[in-house]
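Enquirer: This is the structure, below, for whatever I ask next.
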Amino acid sequence: MNRYTTMKQLGDGTYGSVLMGKSNESGELVAIKRMKRKFYSWDECMNLREVKSLKKLNHANVIKLKEVIRENDHLYFVFEYMKENLYQLMKDRNKLFPESVIRNIMYQILQGLAFIHKHGFFHRDMKPENLLCMGPELVKIADFGLARELRSQPPYTDYVSTRWYRAPEVLLRSSVYSSPIDVWAVGSIMAELYTFRPLFPGTSEVDEIFKICQVLGTPKKSDWPEGYQLASSMNFRFPQCIPINLKTLIPNASSEAIQLMTEMLNWDPKKRPTASQALKHPYFQVGQVLGSSAHHLDTKQTLHKQLQPLEPKPSSSERDPKPLPNILDQPAGQPQPKQGHQPLQTIQPPQNTVTHPPPKQQGHQKPPQTMFPSIIKTIPVNSVSTLGHKGARRRWGQTVFKSGDSCDDIEDDLGASHSKKPSMEACKEKKKESPFRFPDSGLPVSNHFKGENRNLHASVSLKSDPNLSTASTAKQYYLKQSRYLPGVNPKNVSLVAGGKDINSHSWNNQLFPKSLGSMGADLSFKRSNAAGNLGSYTTYNQTGYMPSFLKKEVGSAGQRIQLAPLGASASDYTWSTKTGRGQFSGRTYNPTAKNLNIVNRTQPVPSVHGRTDWVAKYGGHR
């Protein structure tokens with residue numbers, strides 16, 4: 001063991017603890033498992049199931065046993081090091097996996113399992129903690145402490161595998177179970193990958209059977225006669241339950257995924273597919289390259305790939321080492337010819353179209369049959385990128401919206417796929433339709449407060465530009481002429497009452513407090529220069545906390561602006577301040593004023609206590 005330097009403890013199990021170490025010769029990171037019981041001879045060591053199993057298994061998706069060391073009657077296994085396990089990968093995420101990622105993970109698990117079964121072993125303890133990962137693009141099966149040879153003689157022990165992933169024949173104390181128990185566990189893991197919740201979270205063995213019955217329904221005697229024999233031998237009666245369609249429990253799974261899980265989670269072990277048969281299921285027949293070809297992937301390569309500029313890939317297939325954690329932030333934009341669904345996104349706003357994007361998606365996915373997908377068709381000819389790299393989900397050719405109010409920005413925040421976003425032309429049409437309305441959201445938000453939840457370091461210019469749409473030009477004209485700018489607190493009227501002219505660009509003023517921004521964007525404005533630019537966006541509120549006043553309906557913020565058009569003009573604004581909420585500045589657009597026929601106040605408010613009568617001052621016409 002003097003050839004390795006131990007660095008820290010990674011975990012502690014029933015039979016041994018795992019340490020992280022480094023080879024003194026090569027500097028390679030390794031995981032060293034130190035067995036708890038002592039071994040007094042090599043023969044005793046070689047008879048260990050873990051040694052017998054792993055000595056024979058060499059596969060890209062099975063953890064590699066580098067060497068076995070016996071020192072001072074202690075036994076050490078030296079394994080290749082993996083960054084994390086599948087449970088940690090799920091736990092550390094703040095949103096669900098897209099189906100493309102789940103498909104690749106499942107493909108690798110089943111590849112490794114098929115290899116193990118082919119060589120005459122079954123694992124007996126398949127669970128997320130025993131699936132080691134280097135991100136979602138490389139998964140390996142580990143911890144063969146309970147592995148048995150298929151040809152070894154029963155009876156086997158009844159306590160195998162963590163309860164939540166334990167097959168019903170094991171729960172009913174069968175002594176002749178075999179490799180189908182691993183397939184059951186993989187089906188349970190697959191459901192958990194979609195929901196981040198265990199499918200059968202039983203608190204005891206009896207409760208575990210009850211949880212299975214709640215989902216799959218009570219088995220019929222004709223469906224599983226051996227199960228009824230096992231139940232009667234231990235005086236157990238199956239609870240009477242009606243089956244629940246897995247689609248209702250896992251709404252973000254495709255129909256092929258539901259079908260595969262249903263087959264793997266069959267009461268009768270004889271009716272479950274083998275791992276090899278599961279790999280041939282239509283769920284995996286999507287025309288993408290699955291599995292890990294680069295099984296020598298190391299952490300440096302992973303980090304290097306993550307830092308490379310990311311291109312929009314509508315068909316982001318799991319080619320290794322290509323599909324690194326960037327695909328985590330994209331929903332399933334995979335080519336799925338037999339489905340047009342989207343994975344469950346609990347925070348995703350309603351999209352304009354649900355059934356139209358897939359055909360468009362298919363059109364973009366024919367070229368990526370080659371190794372490097374072409375993106376030339378998605379780039380406008382006259383687009384000039386002035387803002388540089390913004391993040392993994394920044395769309396190319398969209399930087400011509402200099403006002404920073406692209407109608408797709410909120411979808412970027414919430415993880416909408418590239419292929420399902422409207423084109424620039426459609427976006428411009430939306431803006432022409434309703435220049436003061438925040439698309440796809442009922443929230444009252446100023447147009448300047450929309451943006452992507454990323455570090456956008458470029459200033460957003462208010463100067464007129466012939467390339468901008470009519471809506472943007474009109475908005476700029478309004479902002480030049482208006483004495484009220486977004487974020488002004490109407491209570492601070494000392495300058496206005498004194499007749500002083502307010503500089504429309506003095507944003508770093510007490511009269512112009514920093515806005516809290518919109519709920520969808522979580523942004524605040526900072527001053528970048530005094531030349532008339534709205535400052536660069538900076539993110540805040542990384543925890544996802546949202547002030548309660550932003551959750552309310554239109555007009556529930558501190559002040560409400562209502563358009564009261566006089567004559568043909570709709571440019572005059574009157575403020576009505578609610579009591580008790582005046583500390584929140586920020587304009588709120590009143591949707592009723594969009595229709596000029598609806599006028600809330602036909603009479604102008606007279607000046608009171610020094611407030612300026614704007615109608616009298618400007619005559620109702622600009």
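Here the Cβ of each residue, glycine as well, is placed from N, Cα and C on the backbone.
Bear in mind that the values here come from a model prediction, so they are computed numbers and not experimental data.
Per Swiss-Prot, the feature active site, proton acceptor maps to Asp125. The ATP binding site annotation in Swiss-Prot covers Leu10, Gly11, Asp12, Gly13, Thr14, Tyr15, Gly16, Ser17, Val18, Lys33 and rests on sequence analysis. Taken from Swiss-Prot, the feature compositional bias 'Polar residues' applies to 336-355. The feature domain 'Protein kinase' is assigned by Swiss-Prot to 4-284, with sequence analysis given as support. Positions annotated as phosphothreonine by Swiss-Prot: Thr157. Sequence annotations record features per position, and here Swiss-Prot assigns phosphotyrosine to Tyr159. Feature annotation from Swiss-Prot assigns region 'Disordered' to 301-371.
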Enquirer: Pairwise over Leu10, Gly11, Asp12, Gly13, Thr14, Tyr15, Gly16, Ser17, Val18, Lys33, annotated as binding ATP, what's the top Cα to Cα distance to the nearest Å?
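Expert: Taking every pair among Leu10, Gly11, Asp12, Gly13, Thr14, Tyr15, Gly16, Ser17, Val18, Lys33, the longest Cα gap is 14 Å.
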Enquirer: Would you mind listing, in sequence order, the residues at least six apart from Asp12 (ATP binding site) in the same chain with a Cβ closer than 8 Å to its Cβ?
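Expert: Expected: Val18.
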Enquirer: Between Leu10 (ATP binding site) and Asp125 (active site, proton acceptor), how far is it from one CA atom to the other, in Å?
Expert: 19
Enquirer: Around the ATP site (Leu10, Gly11, Asp12, Gly13, Thr14, Tyr15, Gly16, Ser17, Val18, Lys33), what further same-chain residues have their C-beta within 8 angstroms of the site's C-beta centre?
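Expert: Counting only non-site residues, the set is Arg34.
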Enquirer: Calculate the distance in Å between the alpha carbons (Cα) of Thr14 (ATP binding site) and Asp125 (active site, proton acceptor), and round it to a whole number.
Expert: 12
Enquirer: Fill in the CA-CA distance, Gly16 (ATP binding site) to Asp125 (active site, proton acceptor), as an integer in Å.
Expert: 15
Enquirer: Specify the secondary structure state of the residue listed as 'active site, proton acceptor' as given by DSSP, simplified to three classes.
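Expert: DSSP assigns the residue listed as 'active site, proton acceptor' to coil.
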Enquirer: Give the mean pLDDT for the domain 'Protein kinase' (4-284) on the 0 to 100 scale.
Expert: 89
Enquirer: In three-state terms from DSSP, label Asp12 (ATP binding site) for me.
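Expert: DSSP call for Asp12 (ATP binding site): strand.
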Enquirer: Return the single residue from the recorded positions list (Gly16, Val18, Asp125) that has the minimum number of other CB atoms within 10 Å.
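Expert: Counting other Cβ atoms within 10 Å of each of the recorded positions Gly16, Val18, Asp125 gives the minimum at Val18.
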Enquirer: By a 10 A CB contact count over all chains shown, which of the binding-site residues listed here is most packed: Leu10, Thr14?
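Expert: Checking each of Leu10, Thr14, the winner is Leu10.
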